[in-house]
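In what follows, a single structure is set out as structure tokens and then discussed.
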Amino acid sequence: MLEQQGLLAIRLEKLGEVHGILLEQRDISRTYELQEAYRAVGHDLVKLLKFVDLNATGIRKILKKFDKRFGYKFTNYYVSTRSNHPYSQLQGIFKHVAIGAVVGALSRNLALLQDHQGSQLSIYDQPSVILKDPVIDLINASVDKLTHSTSFLHFLGQHALIVQEDIPCATDDHDDDQRYHFMSLLLNLANTFLYMVNTYIVVPTADDYSLSLGAAATVCGVIIGSMAVAQVFSSVYFSAWSNKSYFKPLIFSSIMLLLGNLLYALAYDLSSIAVLIIGRLLCGLGSARAVNRRYISDCVPLKLRMKASAGFVSASALGMACGPALAGLLQIKFKIYYLTFNKNTLPGWVMAVAWLIYLIWLWISFKEPVHDFEENHFPQDSGVVEQSEHGIVQPLLISEAKDDEEGERDYDESEEASVKCHEPASSISSAYRLLTPSVKVQLLIYFMLKYAMEILLAESSVITTFYFSWPTSSVAIFLAVLGLTVLPVNAIVGSYLTNIFEDRQILLASEIMLLVGVILSFRVTGPYSVSQYISSALITFVSAEVLEGVNLSLLSRVMSSRLARGTFNGGLLSTEAGTMARVVADGTITMVGYLGEEKLLNLTLLPSLFICIASIAATLLTFNTLF
């Protein structure tokens with residue numbers, strides 16, 4: 001490869017000499033010839049990159065065979081002694097400095113030739129806007145595939161864990177265009193936003209609500225967590241339901257959330273903690289996030305799917321911030337007949353009205369797409385097409401190579417037929433068998449970060465009231481500010497850090513920072529200060545957000561594409577892991593609360609500390625398999 005790069009550089013140097021002579025002449029035919037010569041260099045560079053990609057695929061498949069027989073140890077040895085070695089020639093390939101120089105020279109010279117050509121032609125022969133030559137996009141897409149380069153949009157899209165298919169064929173793309181309906185996509189994103197608002201709008205007042213009903217303040221853990229308990233089950237049946245319909249699950253979801261919020265609001269006048277918890281359980285049973293993910297994955301055209309995935313994540317982040325902020329604004333009290341409206345009940349009333357309006361909008365505007373059954377979702381055999389932020393470019397490998405690679409990657413247990421290799425997991429056990437050690441470690445990390453975040457958010461009202469006597473409005477502002485950090489942090493990581501460091505390096509660094517945040521949160525001696533709490537909370541939350549984005553990005557890369565579709569898909573597995581973490585965290589808050597609020601902080605942080613240390617150890621053990 002290095003030798004071929006040198007030959008390309010020599011060709012560019014000779015073409016540059018011809019270019020210098022041509023600038024003094026007015027020969028349009030020679031300008032066209034020189035443009036084609038530059039494009040030929042570009043296409044030869046793409047062939048070279050294909051060669052490297054094909055060899056990398058071969059090495060990965062060989063390592064995979066050895067891993068199956070040596071218990072996933074051989075890859076670790078190979079990577080640590082080969083590609084990670086400071087004198088390895090692979091380092092020169094990965095850094096692709098020479099490739100960058102070739103691309104720069106091609107771009108500059110083609111643009112100059114286009115300018116030169118345009119000066120000789122009339123406006124009727126040439127478009128007024130000079131476009132970048134397609135060969136440059138083709139080279140950049142090939143380089144991105146080798147180096148896993150990313151952008152904020154792609155990073156945010158991977159955050160949603162909506163697995164992007166590598167093999168869009170013309171028929172599939174046409175079918176997606178036929179099924180795509182912008183208002184229906186907007187309704188799915190609105191459902192995501194409202195659900196996240198509904199989840200976090202009760203956090204600032206849950207402890208006060210439980211006290212008003214005669215329960216302990218730490219019962220807020222049960223109030224908040226009961227929604228997550230129900231979501232563990234709802235995620236499965238919504239994922240299965242979305243195999244046949246999208247409209248009916250969304251209608252059912254809206255009705256359950258409407259009823260759940262009404263019960264949540266009425267619990268105050270009924271003086272019943274049981275009604276309150278039942279209301280939250282009904283809200284959890286209305287969690288349609290599996291449907292929202294599935295709609296984007298199945299019905300949005302490939303050219304828009306990454307943007308829709310980023311919209312899904314953005315809607316979740318905004319809902320997380322707006323929930324506590326809205327609770328802070330609902331600090332009024334009045335009564336209509338026998339119904340009480342105060343800071344505890346207003347979140348329920350407001351969300352009930354919101355879901356009623358959404359239900360009417362959904363009924364009027366949603367368009368049910370033509371639904372293909374699961375068995376028709378297998379990817380077609382065609383050339384590998386690389387997706388970049390500029391769109392879809394030409395195949396990088398021939399179809400036979402793709403068929404071989406996909407068969408090896410997606411079906412570890414046998415060498416059966418190609419169709420069988422792409423078949424989605426049909427049960428939890430078959431999905432579990434597809435989880436490699438690397439995927440299991442990523443799911444453990446996801447569990448850990450969701451547990452740490454839920455402990456921080458769910459007990460914030462109790463902790464700040466006990467130590468600092470904060471009013472509800474202060475707690476709401478604090479939680480809203482935390483939520484507003486999500487998008488800026490993802491922008492920095494997605495647009496900047498992931499282009500400098502490897503995902504696995506960012507993963508390990510953010511785990512260590514999360515551990516630091518958890519350690520700083522402990523109350524050791526002396527009074528617990530506001531500055532210590534806020535600074536440790538910011539470190540913990542921001543580290544968890546960075547970790548979540550990189551974790552899901554890696555998970556979407558290392559997870560089998562057989563988990564891209566079907567009921568038991570990768571999105572469902574990650575949702576279940578995160579939901580279980582929230583359930584355990586909220587249950588921990590309630591149980592520890594019986595020992596006294598003064599012990600709540602340290603005792604709930606201990607599990608976060610141990611799980612975080614365990615996840616760091618697991619990351620180090622599988623570090624060289626995360627590429």
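From the backbone N, Cα and C atoms, a Cβ is placed for every residue, glycine too.
Automated prediction, rather than curation, is the source of TrEMBL annotations.
Quick caveat, the model's predicted, so the values are computed rather than measured.
According to TrEMBL, the feature domain 'SPX' maps to 1-80. Here the domain 'SPX' (1-80) has a mean pLDDT of 78 out of 100.
As annotated by TrEMBL, transmembrane segment applies to 185-203 (among others). Residues 209, 223-224, 227, 246, 250, 253-254, 257, 261, 264, 280, 283, 286-289, 291-292, 295-296, 299-300, 308, 311-312, 315-320, 322-324, 326-327, 347, 350-351, 354-355, 358, 361-362, 365-366, 457-458, 460-461, 475, 479, 483 of the same chain lie 6 or more positions beyond the ends of the transmembrane segment (185-203) yet place their CB under 8 Å from a CB of it.
Distant neighbours of the transmembrane segment (215-238): 199, 202-203, 206-209, 249, 253, 273, 276-277, 280-291, 454, 458-459, 461-462, 465, 567, 572, 575-576, 579-580, 582-583, 585-590, 592-594, 597, 600; these residues of the same chain sit at least 6 beyond its ends, with a Cβ under 8 Å from one of its Cβ atoms. The transmembrane segment annotation in TrEMBL covers 215-238 (among others).
The transmembrane segment annotation in TrEMBL covers 250-267 (among others). Residues 187-188, 191, 194-195, 198, 202, 213, 238, 273, 275-276, 278-288, 291, 339, 345-349, 351-352, 355-356, 358-359, 362-363, 366 of the same chain, all 6+ positions outside the transmembrane segment (250-267), place their C-beta atoms under 8 angstroms from a C-beta of that stretch.
What TrEMBL lists as transmembrane segment is 273-291 (among others).
What TrEMBL lists as transmembrane segment is 312-334 (among others). Long-range contacts of the transmembrane segment (312-334) within its own chain (CB-CB distance under 8 A, at least 6 residues past either end) are made by residues 156-157, 159-160, 162, 188-190, 192-205, 292-293, 296, 340-343, 346-347, 350, 472-473, 475-480, 482-484, 486-487, 490.
If you look up TrEMBL, you'll see 346-364 (among others) marked as transmembrane segment.
Taken from TrEMBL, the feature transmembrane segment applies to 443-468 (among others). For the transmembrane segment (443-468), the residues of the chain that approach it from at least six positions outside its boundaries are 200, 203-208, 217-218, 220-221, 224-225, 435, 474-475, 478-479, 482, 507, 511, 514, 518, 521, 528, 530, 533, 537, 540-541, 544, 547-548, 551-552, 555, 573-574, 577-578, 580-582, 584-586, 588-589, 593, 597-598, 600-601, 604-605, 607-608, 611-612, 614-615, 618-619, judged by C-beta separation under 8 angstroms.
The feature transmembrane segment is assigned by TrEMBL to 474-494 (among others).
Annotation source TrEMBL lists transmembrane segment at 506-524 (among others).
According to TrEMBL, the feature transmembrane segment maps to 530-555 (among others).
The transmembrane segment annotation in TrEMBL covers 600-623 (among others).
Ranked by number of Cβ pairs under 8 Å to the transmembrane segment (506-524), the listed stretches 273-291, 346-364, 530-555, 600-623 are led by 530-555.
For the domain 'SPX' (1-80), the DSSP counts in helix, strand and coil order read 71 helix, 0 strand, 9 coil. Residues 72, 76, 218, 437-438, 441, 444-445, 447-448, 451-452, 455, 459, 462-463, 466, 504, 507-508, 511-512, 514-515, 518-519, 521-523, 528, 584-585, 588-589, 592-593 of the same chain, all 6+ positions outside the transmembrane segment (600-623), place their C-beta atoms under 8 angstroms from a C-beta of that stretch. The list of residues near the transmembrane segment (346-364) in space but at least 6 beyond its ends in sequence, with Cβ under 8 angstroms from a Cβ of it, reads 187, 190-191, 194, 197-198, 201-202, 205, 247, 250-251, 254-255, 257-258, 261-266, 279, 326-327, 330, 332.
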